[in-house]
Amino acid sequence: MAAPAKRARVSGGSPLVAPCPSPRAARAPLPLPAGSSGGEPEGDAVAGFLRWCRRVGLELSPKVTVSRQGTVAGYGMVARESVRAGELLFAVPRSALLSPHTCSISGLLERERGALQSLSGWVPLLLALLHELQAPASPWSPYFALWPELGRLEHPMFWPEEERLRLLKGTGVPEAVEKDLVNIRSEYYSIVLPFMEAHSDLFSPSVRSLELYQQLVALVMAYSFQEPLEEDDDEKEPNSPLMVPAADILNHIANHNANLEYSADYLRMVATQPILEGHEIFNTYGQMANWQLIHMYGFAEPYPNNTDDTADIQMVTVRDAALQGTKDETEKLLVCERWDFLCKQEMVGEEGAFVIGCEEVLTEEELATTLKVLCMPAEEFRDYKERAGWGEEETEDDSLAITDIPKLQESWKRLLRNSVLLTLQTYTTDLKTDQDLLSNKEAYATLSWREQQALQVRYGQKMILHRVLELTN
């Protein structure tokens, strides 16, 4: 799938509107396969899935096996023999993919395509899943047997609100989840439920449930793939998500050793580096911060493993820090005027965030321009505003790498520092509290899964923010 952007510079609306995550996520270790909770034992579920693979032409290399042994979480794929870089691990024929185009109600979904349009773009796939899940003779039943138990998904959207706020306040996750829940409910009652009721012969009462729909949204968010557009198709809408059996079994680490390749007839998983016998095969889904991982997949990478981790400074926080530094009402009005100017230039927004990574500022132009405009002398701002701030001579000065922070003007550094301090106040714990928990193995072991994952998210963000503080001294 196409890798998601690290963060839009001016964000608004639900994360569900964004493209699906790219190649699949690791899941939390708690969920068991759906088949294991009913009648089919776990070993039979794997054997049934492998028989299904042979039947549908899904070619697994004899060098790999599906297993729960030797994996970081749940089911995974392990090398039975050493694998060379470039070797084919498995190939999935397009006929085995589960999508609105391959499901048993594909004709109906195509005819009703206009009525099924939504912000997420996921409704046709979700309806396909709802229909196939209830069908005893669904061609994908052996594939479903390896799914995690839907009632035990660990996404924060399934946490009690109090727990979500207590553990993740300040990280950006609670706000993203609230938008998700609002959009899911709206999508279900305005589009999905009316469609199922209009075709009650195809959707039994057992699947007409907001709870089940929310669980499937989480599963699609974590397990689906999105085929990238061709280079010359950038103007087109993103491709719809689809389910890729076998590919979604792979777990994730940043230093992955496999990659999914798309062709006309097959989707192929290929080793990107040598894999030793007994080692797990990992996919990746792009550069994602820990807050994105826990939001979309229910897990976070332990510090400092996630080299793609980021911390956000809300854009309005920088405005608030600038307002706090004013001495009178006149200065406050000047700050507001400059903020309005930045909004009109689409440099900032009420729901946007400046994104700072481990080694770079990912929104360098936006942050540099904002600091400059909010800190420049009044006369200079008037000239800048008249030129609309976009003179060619300005562009070279608007880059901002982490290593450049100590070289900034003192007024810029002061505003950035105050913005970071305000951001740190939004968390429920301070850095030392989190640090003490992480360094105490016994105390860490007593934490629940959710507490451990939330701690990793908070700590990684705070370490980035504290580094910025040090650089502004």
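Cβ from N, Cα, C; glycine included.
Y223 (S-adenosyl-L-methionine binding site) counts 21 other C-beta atoms within 10 Å of its own C-beta, drawing on all protein chains shown. Here Swiss-Prot flags A73, G74, Y75, Y223, N251, H252, Y297 as S-adenosyl-L-methionine binding site.
A coil conformation is recorded for S224 (substrate binding site) in the three-state DSSP classification, outside any helix or strand. The substrate binding site feature in Swiss-Prot is assigned to W122, S224, Q226.
Here Swiss-Prot flags 62-286 as domain 'SET'.
The phosphoserine feature in Swiss-Prot is assigned to S14 (among others).
Under the heading phosphoserine, Swiss-Prot lists S22 (among others), citing a large-scale study or a structure entry as support.
The N6-methylated lysine annotation in Swiss-Prot covers K63 (among others). In the three-state DSSP scheme, K63 (N6-methylated lysine) falls into the coil class.
Annotation note: K179 (N6-methylated lysine) sits in a helical segment as assigned by DSSP. Positions annotated as N6-methylated lysine by Swiss-Prot: K179 (among others).
The N6-methylated lysine annotation in Swiss-Prot covers K372 (among others). Within 10 Å of the Cβ of K372 (N6-methylated lysine) there are 21 other Cβ atoms, across all protein chains. For the recorded site, K372 (N6-methylated lysine), the DSSP three-state label reads helix.
Sequence annotations record features per position, and here Swiss-Prot assigns region 'Disordered' to 1-23.
In terms of local Cβ density within 10 Å, H252 ranks first among the recorded positions K63, K179, H252. Taken together, the residues in the domain 'SET' (62-286) have a mean pLDDT of 95 on the 0 to 100 scale. Neighbour density for A73 (S-adenosyl-L-methionine binding site): within 10 A of its CB lie 18 other CB atoms from the protein chains shown. The two recorded residues, K63 (N6-methylated lysine) and Y75 (S-adenosyl-L-methionine binding site), show a Cα separation of 17 Å. Of all the binding-site residues given, namely S224, Q226, the one with the smallest number of surrounding CB atoms inside 10 A is Q226.
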